[in-house]
Amino acid sequence: MEKSALQKARIDYAPKLPTSLQGSVKVKEGAPTQSVDDQEDIKKLFPNTYGMPVVEFEPSNETQTCEMNVGVILSGGQAPGGHNVITGLFDTIKRLNPNNKLYGFILGPGGLVDHKYIEITEDYINDYRNTGGFDMIGSGRTKLEKIEQFEKGLEIVRELNIKALVIIGGDDSNTNACVLAEYYAAKKYGVQVIGCPKTIDGDLKNDQIETSFGFDTATKTYSELIGNIERDCNSSKKYWHFIKLMGRSASHIALECALQCQPNICIISEEVKAKNMTLNQIVENICNVIAYRAEQGLNFGVILIPEGLIEFIPSIGKLIEELNDLLAAHGNDYKGLDEEAQREYILAHLSEENKQTFATLPANVARQLSLDRDPHGNVQVSLIETERLLSDMCDAKLEQWKEEGKYKGKFACLHHFFGYEGRCAAPSNYDTNYCYALGTSAAQLIANGKTGYMAIIKNTTKPTNEWRAGGVPITMMMNMERRNGEMKPVIRKALVELDGKPFKAFEKIRDKWARETSFIYPGPIQYWGPSEVCDCTTKTLELEQE
Ligand code: FBP
């Protein structure tokens with residue numbers, strides 16, 4: 001592999017581990033746990049993995065050894081730091097016994113089912129230490145949910161004498177990890193399954209999980225780019241920039257970038273839903289700011305739009321729910337039809353209220369909502385050009401206001417979508433250390449006989465040696481939700497809390513950002529230099545852990 005100068009220098013970085021993970025560990029167990037909701041249902045569905053205690057690792061003076069081959073899977077969207085979860089896992093299992101082997105399943109969960117794997121060796125892994133990307137073994141979105149898949153997986157697990165599988169994924173992938181752990185436990189196959197919290201979206205977090213890995217690096221990367229645009233914008237003073245930011249449902253990414261960059265406007269989907277706002281109201285709010293600034297001679301600005309917005313606008317959310325059910329029940333009847341016939345079919349089957357919403361949406365947006373779910377049943381919101389939809393609607397409204405004499409400014413806009421450019425960035429020091437510790441923790445959960453657990457690292461706003469490591473039963477994070485027309489056990493997604501400290505901090509100051517130009521330019525991620533520049537966490541985490 002040909003490497004950049006940064007890659008070469010970065011390979012030599014030794015990730016810092018919490019004191020408790022630096023050598024042998026012993027396990028401290030807490031009290032039995034309960035799921036966040038629907039306890040009776042979840043208990044019934046997970047009789048073998050429900051109620052287990054949260055565990056924490058403490059340093060031990062005893063020599064620790066363990067024979068264990070491990071299989072690792074990267075699942076879902078890329079997130080900076082994934083390679084370091086694998087290096088943490090690798091180094092720990094080798095330390096526990098140099099004959100232990102680590103197998104990487106290729107291109108996600110599908111690799112387990114199709115028996116596509118590689119053995120990860122010292123030579124192979126060294127090229128990937130502290131790098132972004134998931135290319136060490138690749139990732140995929142195959143949903144592991146069927147008994148045939150679990151049994152197919154078991155064949156290769158037996159062949160390679162694998163003691164445990166580590167699934168590195170988001171809420172959906174960890175839900176599946178939990179189902180797999182329960183299945184193997186129920187069958188008494190003796191195969192452990194451990195999850196690791198990944199996703200740039202930042203929505204896999206709760207009382208036990210401080211943050212999902214990748215959020216730190218991705219938001220810093222986007223904030224660098226937003227800051228650059230803000231500076232360009234403030235230099236020429238002639239464009240409104242509509243920037244859509246990745247993050248399928250929750251607006252954590254947009255909120256974090258807003259806290260870092262202080263744009264003029266940042267829409268928070270969760271607020272739109274809570275206030276029952278219509279698309280037209282959102283547009284009007286934006287236009288009010290544009291018009292106000294125009295009166296001050298400021299015909300420029302920056303607007304952040306979370307990728308998931310469309311699903312949170314209540315009328316469109318309702319439409320999506322009905323479309324989900326329609327797709328589950330009749331998708332095959334209309335998927336083969338041409339675009340116009342599909343639209344007709346859908347209109348004919350929707351309730352009156354949703355029909356009206358569907359009919360008012362631009363054709364490309366309507367089509368994206370009615371088709372093309374990902375394997376987990378999610379609308380592929382990153383393919384919907386919300387930034388254009390909003391700017392087109394603003395343009396029309398401002399024209400109308402001009403005619404009515406309510407607006408005299410100039411409105412020229414540019415569009416951006418920051419998503420994929422943040423998912424494989426070289427991990428920040430935070431993600432580098434956090435991920436290596438997560439991998440180490442996962443190895444220790446296996447060595448200590450745990451299954452159905454997610455590796456966790458807490459106290460991460462403190463210096464690394466004070467971080468606390470352990471595991472949390474995945475069932476503890478579950479509740480029942482409607483998916484593809486059926487009630488299913490799933491990990492509860494963490495949305496932006498409107499009474500949470502990050503949103504409150506933003507809410508307090510946003511009017512000033514709208515009126516004035518208060519941009520902050522965070523600049524690129526730094527790996528060497530003053531600690532306050534290189535080792536800072538996200539503003540979200542800082543505020544949440546205050
Ligand atoms: P995960 O939840 O799997 O980590 O994926 C996150 C994400 O980056 C979302 O923000 C985005 O909507 C989606 O993946 C895009 O998916 P794809 O990579 O399949 O285009």
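Any Cβ shown, glycine's included, is placed from N, Cα and C.
All annotation found in TrEMBL is predicted automatically rather than curated by experts.
Since we're looking at a predicted model, the values are computed, not measured.
Noted in TrEMBL for the protein shown:
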type	residues	note
ACT_SITE	ASP201	active site, proton acceptor
BINDING	GLY77	diphosphate binding site
BINDING	ASP171	Mg(2+) binding site
BINDING	THR199, ILE200, ASP201, LYS238, TYR239, MET246, GLY247, ARG248, GLU307, TYR420, GLU421, GLY422, ARG423	substrate binding site
DOMAIN	69-336	domain 'Phosphofructokinase'
SITE	ASP172	site 'Important for catalytic activity and substrate specificity'
SITE	LYS198	site 'Important for catalytic activity'
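TrEMBL feature annotations superimposed on the structure.
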{"residue": "GLY77", "record": "diphosphate binding site", "Cβ contacts under 8 Å, 6 or more apart": "SER139, GLY170, THR199, ILE200, ARG423"}
{"residue": "ASP171", "record": "Mg(2+) binding site", "Cβ contacts under 8 Å, 6 or more apart": "THR199, ASP203, LEU204, VAL490, ILE491, ARG492, LYS493"}
{"residue": "LYS198", "record": "site 'Important for catalytic activity'", "Cβ contacts under 8 Å, 6 or more apart": "LEU74, SER75, GLY76, ALA79, GLY81, GLY82, VAL85, ILE168, GLY169, GLY170, SER173, LEU204, SER212, PHE213, GLY214"}
{"residue": "TYR239", "record": "substrate binding site", "Cβ contacts under 8 Å, 6 or more apart": "CYS233, PHE300, ALA412, CYS413, LEU414"}
{"residue": "GLY247", "record": "substrate binding site", "Cβ contacts under 8 Å, 6 or more apart": "ILE200, ASP201, GLY202, ASP203, ILE253, ALA254, PRO306, GLU307, GLY308"}
{"residue": "GLU421", "record": "substrate binding site", "Cβ contacts under 8 Å, 6 or more apart": "THR221, TYR222, LEU225"}
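Looking at ASP172, ASP201, GLU307, the recorded positions in this record, the fewest other C-beta atoms within 10 angstroms of the C-beta turn up around ASP172. Fewest Cβ neighbours within 10 Å among the binding-site residues THR199, ARG423: this applies to ARG423. Ligand 1 lies under 6 Å from the Cβ of GLY77, GLY247, out of the recorded positions GLY77, ASP171, ASP172, GLY247, GLU421. For the recorded site, ASP172 (site 'Important for catalytic activity and substrate specificity'), the DSSP three-state label reads helix.
Maximum C-alpha to C-alpha distance over the listed substrate-binding residues THR199, ILE200, ASP201, LYS238, TYR239, MET246, GLY247, ARG248, GLU307, TYR420, GLU421, GLY422, ARG423 is 36 Å.
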